[in-house]
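This report concerns only the one structure given below.
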Amino acid sequence: QFFVFCHGLLQLSQLLVSGYLKSSISTIERRYGLSSQTSGLLASFNEVGNTLLIVFISYFGSRVHRPRFIGCGAILVSLAGFLMSLPHFITGPYKYDQSVASMFSNTTDLCQPGVPGSQGNLSDAGCTPHAARENHEVLLILFIAQALLGIGGVPIQPFGISYIDDFASERNSPLYLGILFSVTIIGPGVGFMLGSAMLRFYVDIDKVTGDEVQLTNKDPRWVGAWWLGFLVAASLVAISAVPYFFFPKEMPKEVDFPLVLLRNLRHPVYLLVVLAQVNLSAMVAGLATFMGKFLERQFSLTASLANMIIGAVNIPGAMVGIVVGGAILKRFQMSLRQCSAMCILGMFLCLLVAFPLLFLGCPTQKVAGVTYRESLEYGRTGLECNLQCNCPEKAYNPICGSNAVEYISPCSAGCRVVNINADNSVLNYTNCSCISENGLVGFAKPGTCGTGCSHLFLPFVVLSCLAGILASTSHTPSFMLILRSIQPEDKSFAVGIQFMLLRVLAWMPGPVLYGSAIDTTCILWEKKCDKKAACRYYDNNLFRQR
């Protein structure tokens with residue numbers, strides 16, 4: 001029971017690291033100009049290190065001191081977590097387009113007739129050999145850290161599950177594994193909650209004072225302190241690793257590696273259940289990585305609030321499903337046939353509940369020159385009302401006009417005056433030649449207009465949570481199908497093969513495929529050194545459907 005407690009704590013901490021990455025992925029995209037495909041590859045890259053070793057490590061699980069291997073893996077995971085935060089400390093301060101001169105730059109992105117079109121702007125300032133090299137270094141460090149995270153995680157689940165099942169009674173094993181899986185699910189949930197808390201702080205909280213920051217966390221240019229959470233999570237993993245060096249060892253009978261591999265892969269129940277888990281896991285991998293981003297774009301939420309919803313509603317819902325599934329198994333002492341029937345029922349009900357989610361979402365807001373064109377004001381080259389403004393092409397400082405149309409910068413709306421609050425934040429923009437209301441020149445407020453369908457948000461959250469509960473009821477029964485259908489001495493190895501197949505066929509390709517699909521719905525890309533960087537606007541309907 002103490003081992004179950006320790007293993008639950010360790011898996012919670014380990015998944016806190018990977019869950020936190022997923023909670024801050026849209027922020028890291030914005031900070032370093034990454035596409036969703038690149039960030040999806042980054043999110044799944046920990047599976048590369050894991051996949052290379054998991055089958056062999058699991059096979060030798062019958063020979064080695066399992067708890068000590070778990071402890072060593074945890075130390076490696078902790079080091080990877082600290083390495084993930086390193087890019088923040090080796091790069092300069094975050095720079096963004098702004099309308100008010102600051103300590104970083106005296107350039108602005110207001111409409112300035114008579115100023116040459118090459119007027120300075122921070123969007124163009126980042127294209128130097130040093131900046132490009134810095135970005136490559138950041139990506140290299142993040143990918144190495146993810147690979148180490150995967151390698152460190154290799155012994156944790158297979159050794160832990162087989163160790164528990166070896167020493168628990170057949171009656172209690174489903175309950176212990178159900179508790180373990182549900183505690184494991186809390187890890188990503190706490191990761192998203194941690195993300196919600198940390199992303200409220202400005203990214204350079206350690207480099208600049210609060211007075212120098214002109215952004216609020218509602219601004220689409222806001223970048224939160226993504227690196228802070230990795231320091232917290234890595235410290236927790238290091239603490240959780242300590243007890244494993246004091247547990248006893250156990251040694252089952254030895255069998256040849258190829259025979260055991262062939263015996264497991266030829267077992268029809270084992271193979272079919274693992275392939276079913278692969279399909280479900282591929283979906284979970286994609287959603288875990290991009291659900292936060294999806295909520296941000298569809299319902300105009302801040303990154304902090306989106307993470308709060310996932311961490312406080314969706315993930316606890318999945319945990320409830322796992323606990324209920326384990327409790328039903330224990331209460332009715334189900335046979336393997338009944339376990340498979342329970343899995344099928346859970347999945348079928350999940351599909352029914354999830355189907356309406358295709359239709360619950362918002363269209364893209366009106367963005368001048370991107371999703372919205374007004375015939376009187378537009379010529380072939382874009383907005384005629386701002387032609388005299390000489391706007392920098394790459395400026396991104398969204399404002400919402402009094403006509404409910406969004407503009408990508410004050411300059412593109414033809415705004416010539418910015419009004420400042422006492423705290424040096426922007427109050428509004430006036431004298432905007434492209435914004436007209438009843439024949440009068442309009443004004444604009446800083447920030448995005450939003451998608452304006454917040455009434456659909458609650459039904460979306462309720463249905464997605466319910467779908468997650470129903471799907472999760474199959475988690476423990478499916479594991480019981482695997483553990484009870486194979487020979488007892490093959491357990492550690494069979495669980496290792498299972499996790500290897502899940503990684504190769506689901507966790508590695510899942511986020512990359514989702515990221516690539518999301519990239520196809522982008523309608524305006526940020527450009528860095530004439531190359532695509534992060535996406536600024538998506539076609540929300542396509543994003544939701546794909």
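Glycine residues also receive a Cβ, built from the backbone N, Cα and C atoms like all the rest.
Caution: TrEMBL annotation is automatic and unverified by curators.
Positions annotated as transmembrane segment by TrEMBL: 41-62, 69-90, 138-163, 175-203, 223-247, 268-288, 308-329, 341-361. Annotation comment: TrEMBL describes 379-433 as domain 'Kazal-like'.
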Practice prompt. Would you kindly check 175-203, 268-288, 341-361 and say which stretch has the most C-beta pairs under 8 angstroms to the transmembrane segment (223-247)?
Written response: 175-203
Worksheet item: To what whole number does the mean pLDDT across the domain 'Kazal-like' (379-433) round?
Response: 80
Item to complete: Count, for each of 69-90, 138-163, 308-329, the Cβ pairs lying under 8 Å from the transmembrane segment (341-361), and report the range with the highest count.
Response: 308-329
Discussion item. Out of 69-90, 138-163, 175-203, 308-329, what stretch is closest in contact terms to the transmembrane segment (41-62), meaning most Cβ pairs under 8 angstroms?
Written reply: 138-163
Worksheet entry | Cβ contacts under 8 Å made by the transmembrane segment (175-203) with residues that lie 6+ beyond its boundaries | 1, 4, 7-9, 11-24, 27, 31, 88, 94, 160-161, 164-165, 168, 210, 213, 215, 217, 222-229, 232-233, 288, 292, 302-305, 307-308, 310-312, 314-316, 318-319, 322-323, 325-327, 329-330, 472, 475-476, 479-480
Worksheet, complete the sentence: Across the domain 'Kazal-like' (379-433), DSSP yields 3 helix, 22 strand, 30 coil
